[in-house]
Each structure stands twice: as C-alpha cells, then as structure tokens.
C-alpha cells in the first residue's frame, strides 16, 4: 500500500480534482514551487502596500501638524494686522503731517506730470 499525499494537501487536491489528467511528480513539484513562489510574492506585495499606507499616514500626520502651525500663524498675523490698522487710524486723527494743508502742495513738480501735454 503506497502512501499518497496527506489528506487535504495541495497535491491531493490537484490529483483528485475532477477532469485532471494524471500528473507526473515533476508537474506536482513545479506546481507546489509555483504556488509557494506566488504566496511569497503576495506576502511581499501586501507588506509593501502596508508600508506605503504607513508612510502616507505619517505624511498626513506631519501635514496636519504643519497646517495647525500655519493656521495659528495666520491667526496671529491677522490679529497683528487688526491692531496695527487701529493704531494707524488713531494716529491719522492727530498726525500733524496729515492735518497741515501745506503738506498736500507739491514742492517739486513731478517729472512725469510735466512731460504730459
């Protein structure tokens, strides 16, 4: 009584599958090697995909942090702009240079205006 492949093994399924021609041991070995190679390639592919996803997630986290920093900076600059605009308005109310009508008279003629007809 010869022992065949263990029950449920790849070899037994390939031999016992309906419509299969009897296979030589070389064909079975080739099939097993091909399946093993395919399994390893699939594992490698899944690992690469996971690494890519991890890298993208890290990039996302960095960009989120950078975005938060930039938003805080925008907020600070907006507040500074508001403060400076208010200070300028208050200064314009009492600025002697702006209040004196003589400051609006040109002392020297504008060279561009003097060239125009």
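Placed from the backbone N, Cα and C atoms, the Cβ positions cover glycine too.
Taken from TrEMBL, the feature domain 'BZIP' covers 28-91.
The region 'Disordered' feature in TrEMBL is assigned to 1-56.
Per DSSP, the secondary structure of the domain 'BZIP' (28-91) breaks down as 64 helix, 0 strand, 0 coil. On the 0 to 100 pLDDT scale, the model's mean across the domain 'BZIP' (28-91) is 97.
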